[in-house]
Structure formats: C-alpha cells, structure tokens
Amino acid sequence: MSEVRRPSSSQPAADGAIRHDWTREEAEALYALPFPDLMFRAQSVHRRHFDPTRLETASLLSIKTGGCPEDCGYCSQSAHYDTGLKATKLMDRDTVVATAQRAKAAGAERFCMAAAWRSPKDRDLDQVCDMVSAVKDLGMETCVTLGMLTPPQAQRLKQAGLDFYNHNVDTSPEFYDRIITTRTLQDRIDTLAHVRDAGIKVCCGGIIGMGEAVDDRLGMMVLLANLGAHPDSVPINMWNEVKGVPVNDTAARPDPIALVRLIAVTRIMMPQSVVRLSAGRQYMSDELQSLCLLAGANSIFIGDVLLTTANPQADRDAALLARLGMTSALSVRPAAATAPSETADSSLVA
C-alpha cells in the first residue's frame, strides 16, 4: 500500500529553507495574492514534497466522552455547559481494538483516540498505552489526544509505540482568551514540547469560524510555523454548531474561498507538514473539498462521526477520490456510485 510521503527535515523547502521566523505581514501578503497566483504557488510547494494524487486517511474515536473540566467555549464535552451530552467512562481495550479493525477495513491508515480530560491520570494512561500497543499490532499508525502531558507521561506513550499526539492551539494568541480561560496557550505549547522531546510526532492545528478575524487565522498559522519544529500534521477544523456553548454567540460562517486561501498559506508556510481537512467537511460541497486538496490539503478523517459531530460517509469520500483520480487506502474499497454534487453555495457550518 502506498503512503503519503513524509519528507525528512533535511529536504529543502520549495520557497527556500524551512523557516521559523514568519511574520504576520508575510502571511497577510501571501493570503492577499490573486487567487490563481496563490493556488499555483501552494500547489508548486505541495508537489515538491508530496504526491499530489495521494490522500492520507485517518479515523477518530472518542474513548472517553464528556465531563471535561476545561471551559473551551466551542466544546460539547465541557462540563461547564449544558450541551445534552452524557459523560462516559473510559472505553475498554477490546471495544477500541474492534473499532480500529473496522476503521482499517473501511480504509483508515491511522487510528486516533480522544479522551475528554484536562490531563490523564497515570492509571488511565496505562490503559491508553495498552490500547495504543494493540492498535499498532493491527498495522495502523496511532494518535491520541488526552489533554496536557508531563514529560514522563509523554515518554510512557512513546514506549507504548505512539506515533502522533494531537494537541491543538485552537486559535491565535490574541483570540485565545476569548475562547478558553482554564488552560493557557503556554500550557499547550509546553505539552507540545514534551511530546516532541519524547520523540512523538506532533499533530497541532486549530478551529476557524468561532468569530475570529482572518488575521487571527493567519496568526495561528504563524504561531505554528514559528515553533521549534513544524507540526508533522496540521488539522484545520471548521466550527460545528454545538448546543449550549458560548461560541454560538460569536460564531461566523467562514467564506469558502477564505478557507481555501488559508489552506494554501498553511501549505506554503509549512511545506513538509501534512495538512488535514478535519471537522466541518459534511457541510462542504465536493467542489470546495477539491479546491482544498488543490491548495495543499492531503489528509482527511473518514467515518460517520468525529467525536460528537457528523462527518461525510465513506462512500461519498471514495466516490470523490475516484472522480478526482486520487488514491488512498479508502479508494481501494468498492464505492457506491453517486451523482456529482449539486450544492452551489459550498456553505460551511459556523
């Protein structure tokens, strides 16, 4: 099975050396380029580092849902808000492994496990490590997102065979305090450092559509690009409306072309990172998703649910890849024939 090619850090970047000194002004200048010029530049960078016809596919499972003590204003799993979500205990290992087996059969190459914690307790971490080892035995890449980690906890996950750790910065430094008050941005950056020091690959991105300005979206990418090492994966999530959370009061639907521009800028600034088109795809037309892939996105989540929100059905994804002439583990599955999308407005959830 072919894989998304992950270049080594020694390879030169298409627009020059890998940089960690990007400015807001440079990001804004890229974003403001005429659309054809921006897309050409992003696609040129993409082709120097990745196979542009190859898409990475991952599956996401909530192994512990709800009851989180953090007050993230977008999250259905926060105990601070009445979202109607029932908290659950940590899922047992056998159930997780069975779900991973189904995900692999459906075309997923990576299996991501998420727990709604501020930070894991050591006894819970031991169980998660067992899950990681068992999923690795299936021949899948593994990723977890468990909240903040200490250096010893990161080392323990590495010993269990963990490939990726997801810990998003969520938004720009300027907008951050309007979304979260129980965990600082520096807390997040510290955890990213612990993960990287342990030898685990970093998955780190954020959310758009919470009421932030375009400058905030670019500021988030500048923050990520100026870390000591670029994230190995950069997930870009679109805000999905959630009952009872305060972000509902500020959320604004992103313009579809603005999303494509952001992905293109991300690809140029972090040329060797896998850019994942994450939450919100169920509200995107096939045409908009195709533009996102052309701009440099090269990974998606598959499966009908992402944690607590909907996701496109796998058959729709497989049919789109077939129409585009692109490949992934998903594309080897028989795809149900579907008519071309007739969605005209490419609307996104805010």
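Quick reminder: no glycine exception, Cβ is built from N, Cα and C everywhere.
Small disclaimer: the values here were computed from a predicted structure and weren't measured.
For the [2Fe-2S] cluster site, Swiss-Prot lists C112, C143, R276; matching the candidates C68, C203 against that entry yields C203. Listed binding-site residues: C72, C75; maximum Cβ neighbour count within 10 Å falls on C75.
Residue environment of C68 ([4Fe-4S] cluster binding site) contains 21 other Cβ atoms, counted within 10 Å of its Cβ in all protein chains. Cβ environment of C143 ([2Fe-2S] cluster binding site): A58, R110, F111, C112, M113, L162, D163, F164, Y165, N166, C203 lie under 8 Å away, each six or more residues apart in the same chain.
Residues A58, L60, R110, T145, F164, N166, S233, P235 surround the recorded [2Fe-2S] cluster site, their Cβ atoms falling within 8 Å of the Cβ centroid of C112, C143, C203, R276, which are themselves excluded. Sequence-distant neighbours of R276 ([2Fe-2S] cluster binding site) (same chain, 6+ residues apart, CB-CB distance under 8 A): E56, A58, C203, G205, S233, V234, P235, I236, A297, S299, I300, F301. Around the Cβ of C112 ([2Fe-2S] cluster binding site), the number of neighbouring Cβ atoms within 10 Å comes to 27.
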